[in-house]
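Only one structure is covered here, and it is reproduced in the block below.
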Amino acid sequence: MRAICVLSGGLDSAVTSLAAKFENYDITTVTFNYGQMALNQEIKSAKKISEILNADHHVIDINFVKEFSKSGLNTGEIPEPEKEDLDDFEKSEKTMKAVWVPARNMIMFSIASGFAEGIGAEKIFSGLNKEEGVTFPDNTPEFIERFNKSLEYGTLNKVKMVAPLYELNKPEIAKLGKELEVKLDLEVLKYSYSCYRDNGEDYLHCGTCESCMRRKRAFKEAGIVDPTKYLVE
């Protein structure tokens, strides 16, 4: 069995890739360059994780996206919410809009679908999850269902996107990741990179962007030692 894992190097996609490995898929990982500020760190992280999982790794250039994106992920204008803001829908929605990259997931998953069909892979593994689905419409079960419906018409081999984390929040994802590490006797989580910024040192997180805040909370609430180094704890 073959599968494509869309691997940004972040916690969600790292755990998703572990899940694909646990299911005995022959994995090929893809990382997308859409002009994001953290690109170099994401590639380093994804490459390292791919090596650990014995997966072929590819970087796919969709840098044209930054020509029309006003996202903070492209411009560097990254919001820094307070911890108590993470569960405030209105504030989280505002933060989401500040980092939203137009149609990013649609573009990435469409390309991943073509890649999957081309190499004869039957599934695309994505890190879409419940916590981000609260504010990001392209992280919801509805998005997954309708995207898969389009693949019935857009691919000949009827490749399917799966999201093993779609019912999980971040602490549950961290816990699952640790469990999979133990079962597979692999160490992956400490090499994952969630930060929206490139902080000039491999695997070093800023600790203040929303993604870092959610990562911190995930490990803490899961009762797992956080292997991450932060500029701001």
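Note: Cβ is positioned from N, Cα and C throughout, glycine not excepted.
What Swiss-Prot annotates here:
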BINDING   L7, S8, G9, G10, L11, D12, S13, A14, V15, T16, S17  ATP binding site
BINDING   C195, C206, C209, C212  Zn(2+) binding site
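Note on proximity: of the binding-site residues L7, L11, V15, S17, the one nearest C212 (Zn(2+) binding site) is L11, by Cα distance. Most Cβ neighbours within 10 Å among the binding-site residues S13, S17: this distinction goes to S17. Residue pair V15 (ATP binding site) / C206 (Zn(2+) binding site) shows a Cα separation of 21 Å. Note: the CA-CA distance between S13 (ATP binding site) and C195 (Zn(2+) binding site) rounds to 13 Å. Geometry remark: C209 (Zn(2+) binding site) versus S17 (ATP binding site), CA distance 24 Å. Distance noted between the C-alpha atoms of L7 (ATP binding site) and C206 (Zn(2+) binding site) is 20 Å. Shown in sequence order, A46, I49, G127, S192 are the same-chain residues outside L7, S8, G9, G10, L11, D12, S13, A14, V15, T16, S17 whose Cβ sits within 8 Å of the Cβ centre of the ATP site. Excluding the listed site residues C195, C206, C209, C212, the same chain places I78, S194, Y196, R197, N199, H205, G207, T208, E210, S211, M213, Y230 with Cβ atoms within 8 Å of the centre of the Zn(2+) site Cβ atoms. Each of the binding-site residues L7, L11 was scored by the other Cβ atoms within 10 Å of its Cβ; the lowest score goes to L11. Counting only the Cα atoms, the space from G9 (ATP binding site) to C195 (Zn(2+) binding site) is about 10 angstrom.
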